[in-house]
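Now, the feature entries from TrEMBL:
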type	residues	note
COMPBIAS	1-34	compositional bias 'Polar residues'
REGION	1-77	region 'Disordered'
REPEAT	159-193	repeat 'WD'
REPEAT	194-235	repeat 'WD'
REPEAT	241-282	repeat 'WD'
REPEAT	283-317	repeat 'WD'
REPEAT	334-366	repeat 'WD'
REPEAT	376-413	repeat 'WD'
Amino acid sequence: MNSISQIPQNISEGPQSSGVPPTGNAPPSSGPQSNKRKNNPNMGAQLPPGNRTPIKQGPLSGAQSGLGDMDPENVPAQLKKEGSDWFAIFNPKVQRVLDVELFHTLDHNSVVCCVKFSGDGKYLATGCNRIAQIYDVHNGQKICVLDDTSVDKTGDLYIRSVCFSPDGKHLATGAEDKQIRIWDIRSQTISKLFPGHEQDIYSLDFSRDGRFIVSGSGDKTARVWDMVSGELLYKLAIDEPSQKDAGVTSVAISPDALYVAAGSLDKIVRVWDTRTGILLERLEGHKDSVYSVAFSPDGKTLVSGSLDKTLKLWDMSHCGRNNSSQKNQAKTTLNGHKDFVLSVAVSPDGRWVVSGSKDRGVQFWDPITAQTQFMLQGHKNSVISVALSPTGKLFATGSGDCRARLWRYYDEM
């Protein structure tokens, strides 16, 4: 492993990799101690198996399958679907209940670091170098470009997180210049700035009522902000002396707005109480940095994705009730990606967990069986971000190949 000042500096690989800066894929370090470079050239897509059902049922241990090792040219026709520059392989070990198709391709001028749908599902926001863009989901047309023209134009400035306010009137962006900008979408102007973070902003999430927003940064903190007053409500710091590489890579607010979960470089997922700022849970089990966290729609499950190539599902139904001698163990581990898991999301009905990886693949998982329904290969580089529409059977992917793509998934007839 090579030693550099950021980790992992260049998750995007493939044809575009020479032009991909130390962004556009995942957060760097929280300081000089994070001098690890992970550079696995194995870019094949692997996959375990899949089915359906809601996320809230019983625990399972993870299973692994060799779908990613199958030669697409030799996969039986009934297990494969192909487009002009993409393909999906369906798991032969489970009943096929989904189909997938490409809906729109959204070309960008740089790495697409993040994708996020609006609450009504009508719009998709993307973040890349210097700008956030908003697209009409129905026709794929770009309708808005948000660019802070007051910023020095020298060098790169990647937008690492985008998030719509629940009412759809604002877009929050988090960037490498440590600033959280709240944009008025209609006027395309900045209505608020939340300063204070000491390193890059990697993740943002609004509460469902829009009253507050949470940010996660390489400075080893998550912060809770009041959207009306702009006041910092809580600084949720990882200040354990033993955790030197604890930059926060991803944050998520539970649907009931009672909890904030944060994944970090130190392999741990932490959960705080939003009403008190008290740390409730330290979820340990990943063997490498955690890069993405997401709550299920009912809030009873938390999903995490890690550089250890796995996803884990954690039971949140008893959050904060465990005593110090009881560790909250992951109830399910999802094995199958061949490289870093960079982004995770949960479908609005809780039936599917979706992951994007440095192996360029997207996988749709059944959280009950720990099996994959299908593996999608639709990018020429790392899949840095995945998002599911809250209102319909659409999902989006953002990649180091300078593309965002909109896909449709639907029940197979």
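Using the three backbone atoms N, Cα and C, a Cβ is placed for every residue, glycine included.
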Check: List, by number or range, the same-chain residues at least 6 past the repeat 'WD' (194-235) whose CB is under 8 A from its CB atoms?
Finding: 26-30, 160-167, 172-180, 182, 243, 246-253, 255, 257, 260, 262, 264, 272, 274, 277
Item checked: Chain residues in Cβ proximity to the repeat 'WD' (283-317) (below 8 Å; excluding those fewer than six residues from its ends, i.e. six or more beyond) -> 7-8, 26-27, 38, 55-56, 59, 62, 245, 249-256, 259, 261-271, 327-335, 337-346, 348-350, 353, 355, 357, 365, 367
Item checked: the repeat 'WD' (241-282) - residue tally per DSSP class, helix then strand then coil -> 0 helix, 21 strand, 21 coil
Next item on the list: Please list, for the repeat 'WD' (283-317), how many residues fall into helix, strand and coil according to DSSP.
Entry: 0 helix, 18 strand, 17 coil
Check: What are the DSSP helix, strand and coil residue counts for the repeat 'WD' (376-413)?
Finding: 0 helix, 23 strand, 15 coil
